């Protein structure tokens, strides 16, 4: 965004409402501020010029692949897959608006046009809110699954996940609807270059309402969700660690079975008891896994993956929100030196780059930390190849079988030629 409105206008654009706007801010500010800081802004401009489209492209592809994996494989049976699919969708929406803002850097000023400006800010607010609260939602679900495992089958269901996702989406759409009419293209006079600059920002007569909404957004997208995520992640980690310690203790006790008379059992009998015990538990665990769409080991893997996702979410968002808190609490910022203002704005830009990265990194996190996700991703691509191969083999077998069935030996020849055909196909595959 190009703006000459100074720090007040900039810090509106440093909030969630204008998180995407920083892609073009460096260029505008660097033309208005002293020469001593222009080099730093030029570096930021180059960074955003090349990094933003790369992030938008790869991040959007990764998010779309994530949705296909969660809905196109066995993972669709898990309620957590619906939360992560919704998160991928909201992240993609944010990246799309970010790309529209980035076009300003290559002299395609769509973001500053009437209509596009309002919709971009509105979608940025909605997607930012939803991304935060979708993370909170699956964190709460993981907390219930880990802390109260007996309630998981009844509370952590796909139907409940759909209701929560729809409710959060409707709330976001209604809550941020005022931004459709309190924002729009604005004209600002550049006194240094004696020219008029068009930028997308707040309509001046709605400043008080915008300030109120900004305070509400500050609480809803920072204070409440971050507190919940940190507290719940701490409790989940403690519970997972405690369960792992108890499991190790039980395994050690099973390896030290002692006879009722006080003496040690002979090695053969001890091994027999242990093998029978392990076989029985393994069978029960497998049956439970089949019934609940994932046994204890599967649930632990899902929990660890979601812990990593929510923790990275906090790490990438916290710097940007910390700057917001600092500016919000420091009411005397406008009276400080120009050099301090420049440093704060530059730091804010770097923090916003981290903030933007959060919307395009989850696919990589799933691949790194999620073993089930990696397997499902591979099976998604291999499934189509196997189907084509199976159809081709079936077609060839059917043709040759029908041909063999035309002889006088009837069904016996059919069976013989079918077996021979299958053998030839397998030999041909081994040779290739």
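Heads up, residue numbers simply count up from 1 along the chain you see.
A Cβ is built for glycine as well, from the same backbone N, Cα and C atoms used for every other residue.
Feature annotations, reproduced from TrEMBL:
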| type | residues | note |
| --- | --- | --- |
| DOMAIN | 62-366 | domain 'G-protein coupled receptors family 1 profile' |
| TRANSMEM | 50-71 | transmembrane segment |
| TRANSMEM | 83-103 | transmembrane segment |
| TRANSMEM | 119-140 | transmembrane segment |
| TRANSMEM | 161-182 | transmembrane segment |
| TRANSMEM | 218-241 | transmembrane segment |
| TRANSMEM | 306-327 | transmembrane segment |
| TRANSMEM | 347-368 | transmembrane segment |
CB contact flag for the transmembrane segment (218-241) and the transmembrane segment (83-103), at least three pairs under 8 A: no
Positions on the same chain near the transmembrane segment (119-140), where near means CB under 8 A and six or more residues out: 16-20, 80, 83-84, 86-87, 90-91, 93-94, 96-98, 100-101, 111, 161, 164-165, 168-169, 172-173, 175-177, 179-180, 183, 200, 217, 220-221, 225, 228-229, 232-233, 236, 306, 309-310, 313, 317, 358-359
Intrachain residues whose Cβ lies under 8 Å of the transmembrane segment (50-71), provided they are six or more past its termini: 23, 81-82, 84-85, 88-89, 91-92, 95-96, 98-99, 102, 105, 353, 356-357, 359-364, 366, 373, 376-377, 380
